Each structure stands twice: as structure tokens, then as C-alpha cells.
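I have placed the structure first, in the form of C-alpha cells, so that the comments after it can refer back to it.
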Amino acid sequence: MSLPLTEEQRKKIEENRQKALARRAEKLSEQPQSAASGSSAAGPSQSKQGSLLNLLAEPSKPVGHASIFKQQNLSNSFPTDQRPHSSRCSQPSPAEETTGLWKTQGEMSTACPKPNPSPPGASNQPLLGYKSSEGQPQATWDTGASSSGPFPRDPELEAKAARPSTSRQSISDSFYVLGGKTPRTEGRPPNILQTTPQNTGFLRGACIKTGDRFRVKIGYNQELIAVFKSLPSRHYDSFTKTWDFSMSDYRALMKAVERLSTVSLKPLDEAGGSVGGQTSLPSAPSLTFVTGKCMLISRVRFEVDIGYSEAVIGLFKQMESRSYDIKTRKWSFLLEEHNKLIARSRELKQVQLDPLPKTVTLAFASQLEKTSPKLKADVPEADLSGVDAKLVSSLMPFQREGVSFAISKRGRLLLADDMGLGKTVQAICIAAFYRKEWPLLVVVPSSVRFTWEQAFLRWLPSLSPENINVVVTGKGRLTAGLVNIVSFDLLCKLERQLKTPFKVVIIDESHFLKNIKTARCRAAVPILKVAKRVILLSGTPAMSRPAELYTQIIAVKPTFFPQFHAFGLRYCDAKRLPWGWDYSGSSNLGELKLLLEEAIMLRRLKSDVLSQLPAKQRKMVVVNPGRISSRAKAALDAAAKEMTKDKTKQQQKEALLVFFNRTAEAKIPCVVEYILDLLDSGREKFLVFAHHKVILDAVAKELERKNVQHIRIDGSTPSADREAQCQRFQLSKGHTVALLSITAANMGLTFSTADLVVFAELFWNPGVLIQAEDRVHRIGQTNSVSIHYLVAKGTADDYLWPLIQEKIKVLGEAGLSETNFSEMTEATDYVHKDPKQKTIYDLFQQSFEDDGNDMEFLEAAESFELGSTSGTSGNISQDLGDLLDEDEGSPPKKSRFEFFDNWDSFSSPF
């Protein structure tokens with residue numbers, strides 16, 4: 001097996017091949033003279049040809065593909081020989097053909113010696129020769145010093161043969177094979193020895209003027225690139241892969257090109273001929289086929305993404321609204337010129353320009369006819385005279401615009417306002433506008449079903465509680481009320497009841513429907529297809545993952561993109577892989593956003609409407625009672641009964657302590673669920689206030705299990721460490737939660753980098769709550785602050801919440817407080833009208849009527865909690881999964897957490 005050749009050997013072999021071809025050209029040039037001289041001149045030449053013919057006709061010689069060689073002109077305008085080394089090494093020279101001293105491919109594998117460095121003057125001399133020694137052919141080195149050889153050498157003829165020829169007629173198109181001719185094959189085998197680029201090809205190019213500069217259109221040439229880099233005004237465009245220069249460097253470039261023997265440039269005036277070392281041949285017309293597409297970049301303009309073409313540039317310059325962006329190097333036009341541009345581009349044979357998608361042209365049909373400079377379409381103000389006056393008068397200006405937008409879209413839209421902008425109240429108002437088409441179906445995450453119930457009762461006084469049906473188990477009736485509220489999970493279990501169509505449907509956290517393969521999506525999509533009004537709510541539309549938006553888009557407007565593949569190609573950067581199509585990417589996001597906002601989507605950020613928002617937005621969140629375990633409910637009932645008995649004042653306080661602690665135990669699963677849902681919804685930084693240690697412990701345990709960064713400040717935190725923990729929170733990035741004690745961290749600390757505060761528990765002193773709220777509502781806060789109070793029915797919250805409101809009202813009348821919970825908080829009147837409620841409320845009020853008793857009660861509460869850690873509260877320290885599994889009468893053995901984003905959507909910020 002032959003050893004691989006070194007780079008030097010390959011180079012010398014290539015030189016030898018060129019020289020052998022030169023000798024053959026010399027021999028062929030002598031043949032016509034021999035034929036003209038007749039038999040008188042046929043002496044040695046005739047004998048040589050006879051020897052060659054005898055050799056070619058001899059059948060006993062071994063024949064391999066090494067015996068095939070091509071007669072070709074030595075023009076540098078064509079690629080050098082690209083045959084494999086084995087073939088080139090075994091090609092016979094003219095001397096070898098006449099003497100018969102040439103070898104087949106197998107023999108030549110050992111007949112090619114390693115070349116020694118040649119002197120500089122020997123570049124045009126044969127490298128390999130053969131001499132006979134003792135009857136055997138041997139490879140010898142011939143430096144050209146002697147004139148020995150079968151043919152006399154003519155230096156002038158060799159130089160002429162070595163010069164590149166520009167005539168195509170001198171090129172032979174035949175292969176000579178042993179025994180005769182065979183037609184030339186189409187392809188040429190690759191040159192496996194040519195590992196480095198060689199500038200042996202002749203390049204032709206042209207200079208093209210573009211404004212005050214000119215660019216050079218030509219192929220790659222190493223020497224030419226060096227010339228380009230020597231010019232000070234050079235600039236390389238990586239997109240078009242061309243060089244351009246200032247006109248001041250034009251003459252210098254042309255002079256430098258004249259010194260290059262393998263490059264020809266057509267001057268700018270196109271009349272001076274080619275500039276270069278060779279005479280230029282007429283170049284064939286360019287057959288470059290360019291393709292491009294149109295993309296929407298604003299409500300009034302579109303952009304063209306296409307490769308360079310002089311014809312296309314000429315077409316662009318015919319458009320009156322043309323505009324060229326120097327940064328992106330793209331042209332844009334008004335929408336009203338879209339159809340004209342597409343029509344004229346079809347007249348260009350080598351250009352294919354794809355128009356805007358049909359969905360886009362339909363959505364912007366008015367702009368295509370006559371482009372309006374307005375950045376937003378005019379939305380007529382809706383007539384809301386048929387909606388409850390309390391609701392209409394409470395709407396902020398931007399919320400009123402949202403309702404009008406929905407009605408202008410005939411009640412089918414995706415409301416994607418930022419968190420905290422009141423999507424719930426807007427959705428209720430939109431649904432109330434179509435009240436004649438009720439019953440209404442509201443599909444929401446399970447933990448906020450009762451929050452929606454309270455919102456309907458608050459904003460629609462004309463709606464009686466009996467007309468609201470909250471489905472809590474899989475056995476409930478989905479059509480029992482005028483307003484039917486159900487969770488996503490229960491909707492899947494009630495598919496049999498969905499035969500009765502709902503004309504008006506609200507889907508809260510509609511991004512739950514991102515995957516068509518999920519059970520909740522399969523259950524919801526048929527409802528949305530037959531519904532007349534579809535109101536989707538989502539605080540964080542997945543604009544970066546367009547594939548997750550597709551289900552929501554077709555739910556609102558089924559005719560938008562009937563086929564997902566077309567949507568995926570345009571907006572998901574679809575790629576075909578060996579196992580199928582990949583739609584996980586994104587493309588043309590700007591166009592998609594403009595399209596959705598024009599047709600179905602309304603999205604406002606807090607920064608857009610900050611001037612209309614109050615400094616604080618309070619929201620009372622009614623947690624899911626299904627999360628409270630039966631054991632906790634029994635303990636609460638027992639504690640409530642104890643409070644109604646005749647007791648001394650000290651015994652009453654002890655009963656209150658028991659009730660207060662049982663409430664903390666019962667709310668643990670609800671609080672943990674809410675915190676995790678906030679994190680999954682995209683909330684990154686917020687505060688969680690609680691009084692009982694068991695709640696802080698439970699939340700901290702879940703955060704650690706989820707690997708969520710958090711800090712904790714309670715009564716056991718040293719004073720020196722509190723400020724350090726605060727700074728850690730302020731400077732942190734990403735998801736961070738601050739777990740804070742209501743009494744230990746309600747003053748002296750600043751958490752202005754957060755704009756959300758969650759109170760896991762209520763406190764009987766509203767002044768302490770307001771101080772805790774102000775940890776984020778401080779100097780340096782640039783956003784509207786959201787305050788969420790988590791309350792649970794059937795617990796101490798039933799009595800603490802009205803007590804807090806009463807105290808705030810008294811302080812406000814005395815001018816000691818500017819806060820009004822009743823007017824600034826959603827869903828305040830949630831409390832059950834229980835006969836024993838008045839007695840318990842009075843007991844709370846009597847116990848806390850004097851603020852001086854607060855500290856005594858706090859100390860007693862803390863002592864009670866510490867003393868009960870080995871008893872009752874031992875039940876709390878059990879695995880949280882046991883507390884969270886009991887839900888809706890059907891306890892599956894898995895986590896029942898719902899993951900959704902925009903808890904602020906349930907509030908009406910007033």
C-alpha cells in the first residue's frame with residue numbers, strides 16, 4: 001500500500017504534469033508539418049508514431065484507468081487537471097509512449113519517487129524521466145540541464161504552449177483511450193491532491209457605482225483581496241459578499257488590477273473595455289435568480305427582504321414611498337404600494353418576490369387601499385347603557401377603551417393587558433354587554449373560582465347570588481346558573497354536559513390552551529368553536545413562542561390560519577428535520593404582533609397607562625376552600641363553637657388565640673398554592689407577609705424544594721442581619737421572594753424593587769398592615785403597587801376583614817388615615833351571614849378595642865403557637881402533599897397545583 005504524499009510531493013507532481021503537457025503540445029504542433037512533408041520527412045517521426053500505434057494496438061499490455069489521458073489546451077481560463085494522483089502519476093509522457101517505458105496504475109504506485117527541491121530556474125522543465133539500466137526501466141530525476149530525451153526541446157514553443165489561451169476553439173473535447181476515441185464525459189473527477197486554493201482561474205468582474213461609492217462584483221481571488229485591503233476606503237458587506245470603495249480610490253484600484261494577470265475588471269463607464277492583464281471576452285448575461293419576501297414592519301409600511309439585483313433596485317426606485325434603511329440595508333414602502341410592487345416584480349424573469357400573507361392583507365385591507373398615517377385604528381366608543389351603572393362608572397379610561405375594542409370585534413378577542421390592569425372587570429363588562437345571549441360560561445384556574453364569583457356579585461348588582469353557579473366537584477351541573485364558573489380540570493370531567501352550547505365564554509389564563517394535545521384544550525376548543533362571543537384573558541401572551549399562540553388565535557378567529565403548517569412556516573421558523581417538522585422557533589414576530597393587535601388582540605403595559613393607575617391597588621383574594629382539609633375544617637368549627645360560649649374575658653382571649661392559630665393551619669395549602677402560582681405566572685420579585693411561623697416555614701420549604709431564591713426576616717433574625725438580607729433582595733435578579741413577619745419586618749426596611757405584596761394572613765391592627773404595605777410603596781418606586789390579601793371563608797378572616805375596614809373608616813373620619821379599604825379593595829362584602837357571626841365579631845372587636853392590648857395579644861399568640869408545636873400544630877408539619885390532595889371531592893394522588901400567570905387580572909384597580 002502506497003504511503004500518502006506530502007504537500008511538497010503533490011506540488012512537484014503537479015508541476016511535472018504541466019511540463020508533460022507542454023511537451024505533448026510541442027509534439028502535436030510538429031505533426032501537421034510532418035504530414036505536409038510527405039514520406040520524405042517521415043523518417044524518425046514516422047518511426048516514433050509507428051511505435052506508438054503498435055503500442056496502442058497491442059492487446060497483451062495490461063490496461064488500467066491510468067492509461068486514459070485527456071488532450072487539452074493549456075489555458076489558465078479553465079481549472080487545472082482534477083484527476084486523482086494515481087491517475088496523474090501513471091500518465092505516460094511522449095517519450096514514454098514511444099519507447100514503451102510507461103507503467104500501469106499498480107506499477108506506478110511504487111514508481112513515483114519522493115521529489116527533491118528543484119532550483120528556481122527549473123519550474124518549466126520536466127520532473128520525471130526514465131532511463132534504461134540493464135534492460136529495466138528506472139525512475140531518474142531530470143533537472144533539464146541536458147537536452148537528452150526522445151524529442152528536441154524548443155524553449156519558444158514551450159513558452160508559447162505554457163501561456164494561457166483565450167480561444168475556446170483550440171480546446172479538444174476528446175479523451176484518448178487505448179484502442180481509440182471515446183466521447184468526453186460531462187463531469188470531472190475531483191482533484192484530491194489540491195488541498196490549497198490556487199488562483200489559476202481567470203476572473204472577470206465589473207465596477208458598479210452606488211451613490212458616491214462603487215462596488216466590485218467579482219469572484220474570489222487571493223491577490224485581488226490583498227489589493228482591496230490596501231485601499232483605505234474599503235468596506236465589506238457580509239450580506240451581499242461584495243466590497244465597495246470611495247470614488248477617490250477608483251484609479252488606484254484600476255492601476256493595481258492592471259498588474260494582475262488573472263483578473264479583469266470592467267470600468268465604471270463601460271466604454272473603456274476591461275482593465276486587467278488579459279483581454280476580456282464578452283461575458284454571458286447574468287442568470288442569477290433572486291428570491292425575497294415582504295414583511296410588515298408597522299401599521300403603515302412593509303419591508304422587502306431580498307438579495308441584490310440591479311433589476312430589483314431599479315424597480316424599488318420607481319416606488320414613490322421608497323425608503324432605504326442604511327442599518328438593515330433593506331427597502332420599505334407604504335402599504336398602498338404593495339400590490340403595485342408585487343405586480344411589477346412578476347414582470348422580472350429572474351426575480352421572485354413573495355407578497356404579504358393573505359391573512360395580513362385581509363386584516364389591513366383598508367391600509368392597502370389608502371394608507372392612513374395613524375398608528376392605531378379608530379375604535380368607536382361602545383354604548384354601555386345596558387350595563388350596570390356601578391360597573392360602567394368604575395371603569396378607568398383605558399379599561400373603557402378595552403371594552404369598546406372588544407365590542408368592535410363583535411365580542412371575540414384576546415385581552416392581553418399587563419398584570420394589574422383589571423382584565424377581570426373588563427371581561428365582566430364585555431360579557432354583560434351581551435347579557436341577552438347568556439348563560440355565560442367562565443373557565444378559570446381552580447384556586448380563583450370564588451374570586452370570580454365575588455367579582456360578579458360586586459360589579460353586577462342586578463345579578464342575584466342564586467344565578468351564579470360555581471362548580472366544585474365532578475358531579476356538579478355545568479348549566480345550573482346564569483353564570484357558570486368552572487375550573488379547567490373539572491371542565492374535562494364534564495364533557496358530557498357540554499352538548500348544550502354556550503354563546504358567551506370567558507377563558508381566564510387562556511395560555512393554558514397552548515398545547516392542543518392536553519385534555520383541557522381538547523375539552524375547551526369545541527366550546528369555543530360554537531360560541532358566538534369568545535373572551536380570552538392572558539397577562540403574558542407567548543409572543544416568543546408563536547406555536548403556543550396558535551390555539552388561542554384560531555379560538556378567536558378560526559379563519560385566520562386554517563392550517564398550522566402555514567402559520568409555522570411564517571412565524572415559527574419551521575425546520576424540516578429527519579424525524580419531522582420543528583415549530584419551536586420564532587420568526588417575523590414584529591409582523592405577528594402587528595397582525596394580532598389589528599385583528600384580535602389588545603395589550604397594554606403598566607408603563608403605557610401608569611398615569612391612570614392609583615399608587616396602590618388592593619385586592620382581596622378569596623382562596624379555594626377546597627384546599628382546606630377536613631381535619632382543619634373540623635378544628636375551625638370546634639374553635640368557633642368555643643368562642644360562642646359564656647366565658648370570662650381571659651377565656652375569651654384564649655378562645656380567640658385558638659381560632660386564630662387554627663386559621664393559620666387551615667390556610668397553609670392555599671397560601672403555598674398561591675405563591676407557587678405567582679412564580680409560575682412570571683412574577684419575579686414580591687413580598688409575602690405572615691404572622692404565624694408555621695406559614696413562613698411551609699412557604700420556605702416549598703421554595704427550597706423548587707430551588708427558588710428567597711430571604712426571610714422574622715423575630716429570630718438578628719438586627720444586624722436584617723439590612724443585609726434586605727440589600728440581597730434589592731440587588732437580586734430573577735425569581736426572589738421575601739418572606740417577612742408582619743410584626744418583625746413592617747418598618748425600617750425598603751423593598752422598592754418589588755411592586756407586589758401578598759398578605760398570607762390578616763392582622764387585627766390595620767396600622768401594622770399599612771406599614772407593611774409601605775415597604776414597597778416608598779421613594780424610588782416607579783410602578784403602581786399591587787396588594788393581595790388572601791382570605792378564606794369559614795375562618796377568622798370572616799371577622800378580621802370587616803374589623804379592619806371598620807377601624808380604617810374610624811381613622812379616616814378622624815383624619816388619621818388616608819386609606820379606605822372598602823373603596824379601594826375589590827370584593828369586600830364576601831362574608832357569610834351566619835347567625836353566630838355577630839357574636840364572634842363582637843368578641844373580636846371587644847378584644848381589640850384598645851390598641852394597647854395588641855402587644856399583649858401578640859405575646860399570648862406567640863406563646864400559644866410555641867406551646868402547641870408539639871400538639872395541634874404538629875398536624876401542620878406533616879407533608880404538604882397531604883394537605884393539598886383534598887380538593888373538590890375527588891382527591892387524586894398527585895399535586896393539584898394549577899400553573900397560570902396574571903393574578904392581577906382578577907382585580908379591578910380602583
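Count begins at 1; order follows the chain as displayed.
The backbone N, Cα and C atoms fix where each Cβ goes, glycine too.
Not measured: the values here are computed from a predicted model.
Look at Swiss-Prot and you will find ASP417, ASP418, MET419, GLY420, LEU421, GLY422, LYS423, THR424 tagged as ATP binding site, backed by sequence analysis. For the recorded site, LEU421 (ATP binding site), the DSSP three-state label reads coil. Take the CB of LEU421 (ATP binding site) and look out to 10 A: across all protein chains shown you find 30 other CB atoms.
The coiled coil feature in Swiss-Prot is assigned to 3-34; the stated evidence is sequence analysis.
The compositional bias 'Low complexity' annotation in Swiss-Prot covers 31-51.
Annotated compositional bias 'Polar residues' per Swiss-Prot: 69-80 (among others), in sequence order.
Residues or ranges marked as compositional bias 'Polar residues' by Swiss-Prot: 133-149 (among others).
Per Swiss-Prot, compositional bias 'Polar residues' is recorded for 164-173 (among others).
Residues annotated as compositional bias 'Polar residues' in Swiss-Prot: 868-878 (among others).
Residue counts for the domain 'HARP 2' (286-357) under DSSP, helix first, then strand, then coil, are 18 helix, 25 strand, 29 coil. Per Swiss-Prot, domain 'HARP 2' is recorded for 286-357.
Residues or ranges marked as domain 'Helicase C-terminal' in Swiss-Prot: 674-827. On the 0 to 100 pLDDT scale, the domain 'Helicase C-terminal' (674-827) averages 81 in the predicted structure.
Per Swiss-Prot, the feature phosphoserine maps to SER118 (among others); the stated evidence is similarity to another entry.
The feature phosphoserine is assigned by Swiss-Prot to SER165 (among others).
Positions annotated as region 'Mediates interaction with RPA2' by Swiss-Prot, on the basis of similarity to another entry: 2-29 (among others).
Annotation source Swiss-Prot lists region 'Mediates interaction with RPA2' at 5-29 (among others). Shown for the region 'Mediates interaction with RPA2' (5-29): DSSP residue counts in helix, strand and coil, namely 23 helix, 0 strand, 2 coil.
Per Swiss-Prot, the feature motif 'Nuclear localization signal' maps to 603-620.
Once Cβ contacts within 10 Å are tallied over all protein chains shown, the binding-site residues GLY420, GLY422 are led by GLY422. It is ASP418, among the binding-site residues ASP417, ASP418, whose Cβ has the fewest other Cβ atoms within 10 Å in the structure shown. Around the Cβ of THR424 (ATP binding site), 26 further Cβ atoms fall within 10 Å across all displayed protein chains. Once Cβ contacts within 10 Å are tallied over all protein chains shown, the binding-site residues MET419, LYS423 are led by LYS423.
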